[in-house]
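Going by Swiss-Prot, these are the annotated features:
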| type | residues | note |
| --- | --- | --- |
| DISULFID | Cys390-Cys403 | disulfide bond |
| DISULFID | Cys397-Cys412 | disulfide bond |
| DISULFID | Cys414-Cys425 | disulfide bond |
| DISULFID | Cys672-Cys685 | disulfide bond |
| DISULFID | Cys679-Cys695 | disulfide bond |
| DISULFID | Cys697-Cys708 | disulfide bond |
| DISULFID | Cys714-Cys727 | disulfide bond |
| DISULFID | Cys721-Cys736 | disulfide bond |
| DISULFID | Cys769-Cys787 | disulfide bond |
| DISULFID | Cys811-Cys826 | disulfide bond |
| DISULFID | Cys898-Cys919 | disulfide bond |
| DISULFID | Cys1234-Cys1243 | disulfide bond |
| DOMAIN | 106-268 | domain 'NIDO' |
| DOMAIN | 386-426 | domain 'EGF-like 1' |
| DOMAIN | 710-751 | domain 'EGF-like 3' |
| DOMAIN | 802-840 | domain 'EGF-like 5' |
| DOMAIN | 846-919 | domain 'Thyroglobulin type-1' |
| CARBOHYD | Thr922 | O-linked glycosylation site |
| CARBOHYD | Thr935 | O-linked glycosylation site |
| MOD_RES | Tyr289 | sulfotyrosine |
| MOD_RES | Tyr296 | sulfotyrosine |
| REPEAT | 990-1032 | repeat 'LDL-receptor class B 1' |
Amino acid sequence: MLASSSRIRAAWTRALLLPLLLAGPVGCLSRQELFPFGPGQGDLELEDGDDFVSPALELSGALRFYDRSDIDAVYVTTNGIIATSEPPAKESHPGLFPPTFGAVAPFLADLDTTDGLGKVYYREDLSPSITQRAAECVHRGFPEISFQPSSAVVVTWESVAPYQGPSRDPDQKGKRNTFQAVLASSDSSSYAIFLYPEDGLQFHTTFSKKENNQVPAVVAFSQGSVGFLWKSNGAYNIFANDRESVENLAKSSNSGQQGVWVFEIGSPATTNGVVPADVILGTEDGAEYDDEDEDYDLATTRLGLEDVGTTPFSYKALRRGGADTYSVPSVLSPRRAATERPLGPPTERTRSFQLAVETFHQQHPQVIDVDEVEETGVVFSYNTDSRQTCANNRHQCSVHAECRDYATGFCCSCVAGYTGNGRQCVAEGSPQRVNGKVKGRIFVGSSQVPIVFENTDLHSYVVMNHGRSYTAISTIPETVGYSLLPLAPVGGIIGWMFAVEQDGFKNGFSITGGEFTRQAEVTFVGHPGNLVIKQRFSGIDEHGHLTIDTELEGRVPQIPFGSSVHIEPYTELYHYSTSVITSSSTREYTVTEPERDGASPSRIYTYQWRQTITFQECVHDDSRPALPSTQQLSVDSVFVLYNQEEKILRYALSNSIGPVREGSPDALQNPCYIGTHGCDTNAACRPGPRTQFTCECSIGFRGDGRTCYDIDECSEQPSVCGSHTICNNHPGTFRCECVEGYQFSDEGTCVAVVDQRPINYCETGLHNCDIPQRAQCIYTGGSSYTCSCLPGFSGDGQACQDVDECQPSRCHPDAFCYNTPGSFTCQCKPGYQGDGFRCVPGEVEKTRCQHEREHILGAAGATDPQRPIPPGLFVPECDAHGHYAPTQCHGSTGYCWCVDRDGREVEGTRTRPGMTPPCLSTVAPPIHQGPAVPTAVIPLPPGTHLLFAQTGKIERLPLEGNTMRKTEAKAFLHVPAKVIIGLAFDCVDKMVYWTDITEPSIGRASLHGGEPTTIIRQDLGSPEGIAVDHLGRNIFWTDSNLDRIEVAKLDGTQRRVLFETDLVNPRGIVTDSVRGNLYWTDWNRDNPKIETSYMDGTNRRILVQDDLGLPNGLTFDAFSSQLCWVDAGTNRAECLNPSQPSRRKALEGLQYPFAVTSYGKNLYFTDWKMNSVVALDLAISKETDAFQPHKQTRLYGITTALSQCPQGHNYCSVNNGGCTHLCLATPGSRTCRCPDNTLGVDCIEQK
């Protein structure tokens, strides 16, 4: 659809061709002419990878953008965007423009720096040399303005590669792009400068994860979503989005210097759109061109405008001072007036170097159909769409509906036994469930501080044949909970949807199918302000539940804590017109305050209510009975309650819909209408004459109507689903699933999957989970995966929000609480000392780490914590208690390493950039003052349990088969002031053994109860892994500080060093007691390996050496003879049979596994990022469950406390193998060894 006015054609063609005709001798922009960048300039460096987002870059002054003047931080992404707010992970790749966040996009494409060759640098620069150069660029593009910036954000994408995707386009192999964006700001305005060196853009398209093909890069700006509650797209401007225009970025300009593009992005002139510079390349000031005599043929020159509707927009000649302004009138197409956002495929593009400006104003979008625009300004519009019929639209109807064609289109209608609008149908009389989210920003009483809550769950249950709805909204703060009690209509809308229908009248679901938008305004009489309620119903989801999103904003009167609210039955008139329903009423409610001095004062209050409901109605069926213009909703048995302990708000109402009546709604009405029929909850009530009625079981149930039973269609009709299927019965219905290796065809039958290899989207990164810092992608087999938010975040896994742990006031009153992504910290206020959970008057003495940190920063003149650390300078990190953080990293090089409690580097722990070593803290957290925690063991009940360590305690998690009984998890043992690392279990004496790296020591405790005991506390460095030989009655452990492996009897006596050479960071250790083998891991960064030997130390050899990263945990399953390990470097779990050393990958894509144990078909491992115990099913190679303890700290060792020992014996099982001291089993024999500290007169060594 092109505007063909000859005048517009001539002007635009001339504007697009001028840069070609007038190109002068201006030279190309070289890489050396970019703004200085790199570590030497103090730049920060974005993490290598795909789809990464930087932390917030705090700005010294505000950035202005469109109509905003308060942007104090920006975010830099891998994909060529500078964002004015943190981008959601699902929008971090191309294909979603305009995004919901504010964006400056000099080259929006799917870029990749995983190989480490490409880099993204960014900084804010206040130096005069940089700000002056930015000012010169702006003056060149806008010579008439006076602009002197005080700061500049400089972002450089250097040698970044295109994301290739599975297709691996050979044309893009080895190609890399370099470009730069500078955002310069003064007190009154901001400008963007884009720089593209002549050889900087070697590719112009990238593979789209969303579209599965190559898409062009985009040069654009977007205001992002606007509005607090009801979001809508703000203004946005696109300057290049096809291959030809992107190719010419380095060849042309709008500022007079080739490869340099300047835009005014924040000032009073940019409220509705970004203003580009318009200095034509190669022209001289004062040049004039005749606009009247030239004409061009559009057959050879094509316009570069997208067919997207806006309000009338003036296109000026692309030179300052142009006299002619050409306005394209906009014609609104009624058929598409409610489109959510500007739509329409791009028209053919211009071949000119000049980029056409496309502006999209913040407004309700309009899509415009324009056929011809003549010189007279008359616009002719037409609709070329053919009539829609059931033949190609049957899928728009419910499976329980029929589709019928009419003269102007098609309509859907539910079949007998179902109710709805045809697009959505549910069984008559069947209970319904509604799920959704609630967010709000509410001022209570006269408070000037709003109560804000987000992502709050709403659940509703509806007994349809009674018209009664029960709605619960969880985690509502008590500061606002009681004050929301009068707002029963928040849940009342659900009651209207499923109100009992009287003959000839329809409830909300019959009219809308549960797909509509509702906005209501509540005005409280005698109180200032009002409350706006916005709700969007999105129909039935894949689980058969209706979905709703609710947003509340405004002010409500304060209701005292502990009050009750009573609402009398009421009626409300609903007025209907095409696709719109309105109602208004005045309601009273009684507030009874808590009893004081023997009296409970009550007062009656009033509010006025207005609401509008909009929905999509099928208008093609002229024969359908007209809906009454007015219907009366009768509501009684209104119940409202706020549970202060559970923080749950509850509403319950009974609803019926019918004609306008005066007096009691119950008078002389049929029991079906007033809910006194007594039918089963899975039955429909059929009214008869006067007060007669019958009960009829809903479809999928059978019975007499007063009692209904579910029909098991799968048992009664074994072939109902067809071949290669599994039938699953559900209440009132059934579902069919294809067996493994089959998938549903378009005809609904299961057909074999042909030549389709499953894709692990978690491994390839093509999933839609939130960023790894907030969520994890869990591979579930085949091509399936699930998304789960990490601890400290909430959401559906695709979008995770930080949980504000400071909200419940967890810190001491004399401490500050700092909420951080996924966690929080407490810090005592000045003049107090403590850990933040307990603060007492006094100044705390600084630790060695804090002194060293202050000394280094002071010597470098970098004492301002808001400024970045100077490049090349290493500054140690201290933990919350002032001790050296166990993991230290160099900010410039990216290398990380472990340190001991004195800050000294631990040999063999240094990792390359992008990998973090699994360092252990050697300092226990301080003990909080308060009631003493008993250290006695809490006896375990019978059965098999998982035992895992969490800093200063050991917890138990019962197993039922392979299922974790998470609700029964409890503490087994508290050992304050210790950091327990390794765990092992003796199935004979039912004793658990552990290593502690703080004292250091090795201890044990009985599962039957009693006090724990320390069995070894001398000559230890950093004991980590520990293993038990339950047949030989020995323990083995690794020591990563002394670099050795030792053995001793179970009581800690008779110690002997087995190995003290060729060990760097030994950690996990396990025994194969029956065969007399020992296995251990060494995560030496230079040479990670898994080794084995006999238990006597002979026959030592490397078992696994290739393709290891950070092998942490190790487990041996005596029942299957399988050795498995978890690797925090490769993020894999792997297994092998030591007698047949062919490895197999159990699962990839783990987060940060630490320790592992086995039981049955499962591995169970602790994960540092998830702070969870994760179950991995080896049979299907996927994570099946996860347990997250209430206390969110790191989990360490894990072991299985078996209810009985595995069968088998070795040569040390009986009479200690005839040895005087240590009996150490070997395959088919044993070796008698003496302890290191025993002279030979009473000890005999023999084989």
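A Cβ is built for glycine as well, from the same backbone N, Cα and C atoms used for every other residue.
Between the domain 'EGF-like 5' (802-840) and the domain 'Thyroglobulin type-1' (846-919) there are at least 3 Cβ pairs closer than 8 Å, counting only pairs 6 or more residues apart in sequence, which means the two stretches are in contact.
Neighbour density around each Cβ, counted as other Cβ atoms within 10 Å, peaks among the disulfide-bonded residues Cys412, Cys727 at Cys412. Distant neighbours of the domain 'EGF-like 3' (710-751): 427, 430, 544, 682, 698-702; these residues of the same chain sit at least 6 beyond its ends, with a Cβ under 8 Å from one of its Cβ atoms. Taking the C-alpha positions, the distance from Cys685 (disulfide bond) to Cys695 (disulfide bond) comes to 5 Å. For the disulfide-bonded residues Cys403, Cys679, Cys695, Cys721, Cys736, counting C-beta atoms within 10 A of each C-beta gives the highest total at Cys679. When the domain 'EGF-like 1' (386-426) is classified with DSSP, helix, strand and coil residues number 6 helix, 17 strand, 18 coil. Taking all protein chains in view, 17 other C-beta atoms sit within 10 angstroms of the C-beta of Cys714 (disulfide bond).
Listed in sequence order, Pro886, Thr887, Gln888, Glu905, Val906, Thr909, Pro917, Cys919, Leu920 are the same-chain residues at least 6 apart in sequence whose CB falls under 8 Å from the CB of Cys898 (disulfide bond). Ranking the disulfide-bonded residues Cys672, Cys769, Cys787 by other CB atoms within 10 A of the CB puts Cys787 at the bottom. When the Cα of Cys697 (disulfide bond) is compared against those of the disulfide-bonded residues Cys425, Cys727, Cys736, Cys769, the shortest separation belongs to Cys425. A coil conformation is recorded for Cys1234 (disulfide bond) in the three-state DSSP classification, outside any helix or strand. The sparsest Cβ neighbourhood within 10 Å, among the listed disulfide-bonded residues (Cys414, Cys697, Cys811, Cys1243), is found at Cys1243. Closest by Cα distance to Cys721 (disulfide bond), from the disulfide-bonded residues Cys390, Cys425, Cys679, Cys695, Cys708, is Cys425. Among the disulfide-bonded residues listed here, namely Cys412, Cys425, Cys727, Cys811, Cys425 has its C-alpha nearest to that of Cys695 (disulfide bond). Secondary structure of the domain 'EGF-like 3' (710-751) per DSSP, as helix, strand and coil residue counts: 4 helix, 18 strand, 20 coil. Every protein chain considered, the tally of other Cβ atoms within 10 Å of the Cβ of Cys390 (disulfide bond) stands at 17.
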